[in-house]
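Structure first, then comments.
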């Protein structure tokens with residue numbers, strides 16, 4: 001008899017859907033069931049995305065000094081986190097930073113700015129940046145993340161060549177007012193709707209570890225399913241010092257893996273992205289998570305450092321995956337330098353030495 005999670009995967013592959021009870025069962029899977037859970041979710045991942053991984057690169061166009069009070073955010077009103085703070089990057093600097101990500105292996109550039117939402121002059125800046133980026137890199141995908149949109153702004157971004165728009169719901173509607181009070185859950189949903197109406201691919205995800213219940217995680221995932229988000233970034237809370245969530249550590253690597261698996265079961269044909277916080281929370285299970293998710297951010301995040309970019313590419317290759325959009329290049333002429341080999345390190349500590357042991 002097949003395992004329960006394998007039965008859910010079979011049902012979904014045959015055209016059925018995962019239920020809320022299925023999603024709760026995934027979140028509450030025993031540690032002894034974790035490998036079976038990953039194997040079942042991997043069936044769905046490979047059915048829809050094969051062995052590809054979408055590699056995205058963040059460019060923070062404007063950092064800090066945001067008037068919104070999102071409790072989890074290092075850039076928010078009231079945050080004392082010691083982050084970089086700067087106004088808009090120039091077009092040339094944006095191209096330089098985006099080019100670095102593309103040279104490193106990314107195929108999508110995500111241009112992000114802090115703030116409640118863009119002014120029309122801000123949209124001017126982003127459209128100019130997008131047009132210049134597309135002129136230099138015709139095959140690049142561009143995703144914009146600029147906050148709450150006003151009428152007509154999404155259409156301007158689409159005309160300039162922006163492919164997608166990110167605006168996360170972040171958490172369940174029933175938990176939203178506990179994490180931010182300067183805008184509503186409906187404000188966020190409305191912006192996603194404006195992006196979709198303009199023909200932009202909707203990108204919207206969540207942050208786990210904000211004090212939500214299992215039921216609220218399920219609520220958030222089914223809301224994203226209802227919104228028909230093409231791309232679902234799953235973030236894991238990074239508890240910056242100087243924010244209301246400092247020293248909040250609710251997540252384990254296994255918990256994070258279960259959350260990603262739930263996203264795959266609920267939204268089997270959507271891009272599930274392992275996003276912010278993967279290094280500190282998934283830790284040694286990052287590679288296993290790629291068997292469930294099919295997308296990552298390369299290198300650094302908006303205000304925090306990520307894993308070394310070459311290590312990201314190495315992790316993808318070591319697990320038999322290829323970068324989406326560069327499949328042929330990775331077989332023939334790589335878009336990134338060959339992964340380094342690692343000669344054995346000669347031991348000079350522990351037994352036979354005066355140097356303390358590695359223990």
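Cβ coordinates are placed from backbone N, Cα and C, and glycine is handled just like the others.
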One of 43, 273, 278 listed by TrEMBL as binding [2Fe-2S] cluster at the site of 110, 143, 203:
273
Taking the Cβ of residue 143 ([2Fe-2S] cluster binding site) as reference, which residues of that chain separated by at least 6 in sequence fall under 8 Å from it?
56, 108, 109, 110, 111, 162, 163, 164, 165, 166, 201, 203, 231
Other than its own, how many Cβ atoms are within 10 Å of the Cβ belonging to residue 73 ([4Fe-4S] cluster binding site)?
27
In the chain carrying residue 273 ([2Fe-2S] cluster binding site), residues 6 or more apart in sequence that have Cβ under 8 angstroms from it:
54, 56, 205, 231, 232, 233, 234, 293, 294, 295, 296, 297
Ranked by the number of other Cβ atoms within 10 Å of their own Cβ, which of the binding-site residues 66, 70, 203 ranks first?
203
Extra residues within 8 Å (Cβ to Cβ centroid of 110, 143, 203, 273), [2Fe-2S] cluster:
56, 108, 145, 164, 166, 231, 233
